Every structure is written in C-alpha cells, then in structure tokens.
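A short write-up of the structure that comes next.
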C-alpha cells in the first residue's frame, strides 16, 4: 500500500476552515470539493495515457490523452457524494459508479453494503474510491475488495482525513494482489471511544447534508 499525505499551505488552510464547527454546510460542501480537486492532482499521477496526434495552429504534434477503458470514480454513499464534483471537474471523461455502505455500529470495522451501481467487469479499469473519512478502515477495505471481486487491479482511495488506526487496519487487511494507493489531506491523532476521528471534523455526511434520523 502506498500512502500519500499531502503537505501544502492551501490544503492546510482549507482543512482548518473545514474542521471548524462554526463553518456552515454550504461552505463545508465548497471546501470539500476544492480539497478533492487539489488531491486529484496527486491521486491521478499514475493515470494511464496514450499518444494522441493533433494539430496546433502552428504545427502537428503528438500529445497525450487518458487511455481507455475510462477510469471510474466510485463515491461511497452518502458522504462520498460530496467529493464527486471535485473529481469530475478534473476528470470529466471518467465514468461514475456508486457504492452504498454503512458502518455496523456494534462492530465498527465491519460494513453493511446496501447499494451498488457498478459495471460487472472492472478488469483493466483504474478505480478511484472517494470517501471523506478513513476512520476504522473497515469501509475502505470492504469497498476495495468489492471492486477487486469485479476484476479491479488498480485502486486509489481519496480521503480528506485519516486516523492512524484506520491506516494500520487497511495496511494489514487489504489484499496484496492489487496496486493500491491512499491519498489524504491529513492524518489525525486517533479514534475516540465511538470510533470517530479526533480532532477530526465531525460526521462528514451530517455536515454536508444535515442529520437524518
């Protein structure tokens, strides 16, 4: 597993505003989208490209274009939806799939899958999983293995913040027969008794969309 923790003044500034409990949902959504666009630069560093002959107004040349089959962006519902615009802004030609998962509150590292909208065959596709929080790591491991069971061999996970416990769980449990990377804006102190990241930013889904009882 490759872990990339981004270090940039813009990311640090935006992440601080994002964490502030007084930041309204509208601003929170904008910041999530902006942070993901900044993360996308590093996350797509290994994006596969092919030669593309073109003509400029001055002369012919051979440039590059994203290879086919197109990469697929997979937000983990519901909080991952808040990251989607930031990714599609950078890769408008990418396909989008959806994966619905929620934490089993009695067993925090176990997940319940309640929805999916993905191609049956992901062989040869570069997959980008997006989920704001890497807390226990259970969601990320389950989601990645779900993609691998459909043939994926190249998965990049993009999260905003992570806990050391979650990173360790992913390292120990992700299957080895895959190219797997994790890109995050920051790694926090750890998890509290409820498996929330500390200091964290609260429940990302609630702050994006409001609490649903």
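Any Cβ shown, glycine's included, is placed from N, Cα and C.
Noted in Swiss-Prot for the protein shown:
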- 78, 103, 131, 132, 133, 134, 135, 136, 137, 138, 139, 203: 5-phospho-alpha-D-ribose 1-diphosphate binding site (BINDING)
- 197, 202, 203, 204: uracil binding site (BINDING)
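Recorded features from Swiss-Prot, shown on the structure.
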| residue | record | DSSP (3 states) |
| --- | --- | --- |
| 78 | 5-phospho-alpha-D-ribose 1-diphosphate binding site | coil |
| 131 | 5-phospho-alpha-D-ribose 1-diphosphate binding site | coil |
| 137 | 5-phospho-alpha-D-ribose 1-diphosphate binding site | coil |
| 197 | uracil binding site | strand |
| 202 | uracil binding site | coil |
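A gap of 9 Å separates the Cα atoms of residue 203 (uracil binding site) and residue 133 (5-phospho-alpha-D-ribose 1-diphosphate binding site). Listed in sequence order, the residues of the same chain lying 6 or more apart from residue 131 (5-phospho-alpha-D-ribose 1-diphosphate binding site) and placing their CB within less than 8 Å of its CB are 75, 76, 79, 80, 83, 139, 140, 143, 157, 158, 159. Using a 10 Å Cα-Cα cut-off from residue 78 (5-phospho-alpha-D-ribose 1-diphosphate binding site), the binding-site residues that qualify among 197, 202, 204 are 204. Residues 197, 202, 203, 204 make up the record's uracil site, and a Cβ search at 8 Å around their centroid adds 132, 133, 196, 200, 201, 205, 206, 207 from the same chain.
Cα to Cα, residue 204 (uracil binding site) and residue 133 (5-phospho-alpha-D-ribose 1-diphosphate binding site) are separated by 7 Å. Long-range Cβ neighbours of residue 133 (5-phospho-alpha-D-ribose 1-diphosphate binding site) (same chain, at least 6 residues apart, Cβ-Cβ under 8 Å): 79, 159, 160, 161, 162, 197, 200, 204.
Separating the Cα atoms of residue 135 (5-phospho-alpha-D-ribose 1-diphosphate binding site) and residue 202 (uracil binding site) is a whole-number distance of 11 Å. The two recorded residues residue 137 (5-phospho-alpha-D-ribose 1-diphosphate binding site) and residue 202 (uracil binding site) have their Cα atoms spaced 16 Å from each other. For the binding-site residues 137, 202, the greatest number of Cβ atoms within 10 Å around a candidate Cβ is found at 137.
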